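Q: I am attaching a structure below and will ask some questions about it afterwards.
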Amino acid sequence: MEEAKFNIEEISERTFGYAESIAALFRLATFNDQEIDEIYKNLSNFLIGNKYKEPGEVKGMIFNALRYNNRFMESYLKIFRKLYQEYFPDIDIEPELNSIRDNLLVFHEIDPFYKAIFNDDVKSLIDLLHQSSFITCDNKRIQNNPYFPSTDVSLPELCCYYGAKKCFNNLFHETFYKNRINQYWLHIAIIGRNPDILQECLTAVTPDESCMEIAIATYNVDFITTLFYTCGFEIDPILCAKYQNLSALLVLLNETKLISQIFTYSPSFNFLPFCKLLLEQYGVDINTTNVDGDTALHYAVEYNNFEIAEFLISWGMKINVQNNKGISPLFLAVKNKNLEMTKFLIDHGADLNAQTKKGKGLSALHLCAKENLPQFAELLISKGADINLINEIGEPKWNNEKVFEFKGYTALHYAVNNITSYETAQVLVAHRANLNIKDNEGNTPLHLIQVGEPKIAELLILNGADVNAKNLKNQTPLQIFATLECIEDKVVELLISHGAALDIKDNNNLTPLQLNIIKSRFSGIADILISHGADINVTNEEGLPILHLAVKYNKYHIVEFLLRNGVDVDSKALDGRTALHIAADSNYLRIAKLLIINGADVNAKHGLFEKTPLHYAAENNYYESVAELLMAHGANDNALEITDDTFLRVAGKKNVILFRYLENYYDWNTYNLLCSENSGEKMIDLLISNNADIYPEFYNIIPPMDIEADKNLFETIEYIISSIDAINIPVHEKLYNDIRNIKNINLEPVKQKSRFGQGSNSQGSSQGNDRKDDDNDKCCPQDKTEKTTKCDDECCTQEKTEETTKCEDKENTQENHNENTKPSRGLGENFSRI
């Protein structure tokens, strides 16, 4: 549609009083009482007197103006005082004014650097710079002061802010700040309004989009015009509304001639004559929308202007029009927690069940439940809002984040899913919301109750919610709660006392007790379930009963609770394993100790190969933890597998050197067997330290063919020879020659067979190794190499693979070193808070 012709001079004249009253506040540059009084009268008589602004809004405007222009702090404080004397006579404003003064006097009068810049005293500044290092000067920064527009202001930036041209020139041209102008200096220079400093900054850096926002926020109309016409930056009408800069909006109107677009933003200024002028005199379509789909009524609601909203509706504004996000004026009023505006729109026919078209398809009542707005919910329901409306419009879709957009929630689903929405849930239940309605995943509101809020569960259950309702996973609320980390005992007790099934199974054939053991670190629920008679003999798909399952998932507390309540410690899984087999296989030392203390059979066998717990420990290199524990409690190392392999032979195949065992047991044949399979220097050291006989069958220990194949093994043989004080055993002639041929070692002829004497070197080596192992005997002392192992600790869940690692004791904690990052001074971030 062709835009109507308009007269910009007429519009400017009709809006001058409004625009100038606000602009004068931001351009204040005087300490003259008469001029200050004139500025205040315009604010009081024109803006507040005509009800264009509330006194509280004017107070906020004065505060913002002070942040951009605190050189004139005393003038702004006088305006503050006049405002309070007229509109808030019962409030003592002096403490607040004194706080503002104290915050700023350090920059105006106390600190010598800041005082020199504030007064543009270049001589004093030069003297200070000569007395200081660069680091000292660079650290002179104003940080987190509420009366500056930024959280971090350096010395040259302070020159820009106060318009201190002489000090700026000295810092920029004569000191270490030379040629260091950056974008942020330009931003502050726009606030300072000194044309010479501004030009210096513009010569060094190119303006960016945030320069326009700063110019709008500070009512710097001249620079707005420059950026618009010379640099081509857009004037954002939303920013004009945000900073109440009507003059900037008129610059945009004059250039674009898009009067209908400008009309949609006109209510933002709470200036009814401006809206009337555009609508009555220039024939603007009242239902026109901007690029975001917002109408003038959206902005009237956003800025809480009843007079303009009523005027628009009386002229035929569609009250239920939705913007591009599907937000209606009513939804916006609820979102802004504006109860009076919500009532106003409902009274004028707003659709109570309108839902957003984008995102989650929320109605105003859904929003009340999400945000816990019980008064709004009561109002909407009393006026006829559908209490069981589902948040789904048309076909469900996947959004860009692969999240199911429409969950099929009612308001009650939203209320129980937010632990702070108890009051709204009460309103919904009191108005007979459907307690058992299901969402797209089959969840009733009771399924969705969040942790830490038993009151909502009690509210639903006591009002008839089905405690055994199943979702699409065939899970009841009890099964879901069993998987949570911090659900309160009271909720579980409440469900059970109202008939929740204890042994019901989901699609994975898991009961609440099994789910708790598998998925939750919170074992208190298991205690409750077992105490109320949950089946502890039920098995999972692996055939593991509850005791075995608790051991598998390292749930020490649950194992302890089960044993304390009489569970058979030697009960077997379907494959014949006891709980101790599983503990040994996973190296859960604490649980293994607990089982043994409670009478577990350390020699229990299972399976075709009749494996004992000790076999599992050996196969997984767990000697110095579980295996040692088992042997200390009578585990039989001579128990044979069907393959006739002993425990030590199994350990040998796994390349395990069981030093402590060998120190206490004297089976020389076993020594020879282990040596033949390990060919380890440490094993030989142990043999020597125990005066073991080395039989003539020396080839069985290190066969010559191995020496020929891998000459590195010679070091082991050399070690044997060098460690023996007197060699007088009959060494096989071929072995002697093999050794001599590999390296030239003078070996004396061996005359007779006898036992070795103790070699001091080897003994020391053995003891050293033992001491090292003892030092590491903590939570899981063994080194874990090449094989995935588990820590014997309920809190340690990670697996350690490939490289040698040590399991941490559960008392140890890891410090988190968080790098301190300097707050960003990006333009959008710094000035979006204005």
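Going from the start of the chain as shown, residues are counted 1 onward.
Keep in mind that glycine also has a Cβ here, set from the backbone N, Cα and C atoms.
According to TrEMBL, the protein has these features:
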- 757-768: compositional bias 'Low complexity' (COMPBIAS)
- 769-822: compositional bias 'Basic and acidic residues' (COMPBIAS)
- 178-251: domain 'DUF3447' (DOMAIN)
- 753-834: region 'Disordered' (REGION)
- 292-324: repeat 'ANK' (REPEAT)
- 325-357: repeat 'ANK' (REPEAT)
- 360-392: repeat 'ANK' (REPEAT)
- 407-440: repeat 'ANK' (REPEAT)
- 473-507: repeat 'ANK' (REPEAT)
- 508-541: repeat 'ANK' (REPEAT)
- 542-574: repeat 'ANK' (REPEAT)
- 575-607: repeat 'ANK' (REPEAT)
- 609-642: repeat 'ANK' (REPEAT)
Q: Counting only residues 6+ away from its ends, which parts of the chain sit with a Cβ under 8 Å from the repeat 'ANK' (325-357)?
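A: Those are 292-293, 295, 297-298, 300-302, 304, 306, 309-310, 313, 319, 363-368, 371, 373, 375-376, 379-380, 383-386, 389, 391, 393, in sequence order.
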Q: Quickly jot the same-chain residues contacting the repeat 'ANK' (407-440) by Cβ under 8 Å, restricted to those at least six beyond its ends, or write none.
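A: Hits for the repeat 'ANK' (407-440): 360, 363, 365-366, 368-374, 377-378, 381, 387-392, 396, 446, 448-453, 455-456, 459-460, 463-466, 469, 471.
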Q: So which residues does the repeat 'ANK' (360-392) touch in its own chain, when a touch means Cβ under 8 Å and the partner is 6 or more beyond its ends?
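A: Cβ under 8 Å, 6 or more out: 326, 330-331, 334-335, 337, 339, 342-343, 346, 352-354, 405-415, 418, 420-428, 431-434, 437, 439-440.
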Q: Per-residue pLDDT averaged over the repeat 'ANK' (325-357) comes to what?
A: 95
Q: Could you give me the DSSP helix, strand and coil counts for the repeat 'ANK' (473-507)?
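A: Summed by class, the stretch gives 16 helix, 0 strand, 19 coil.
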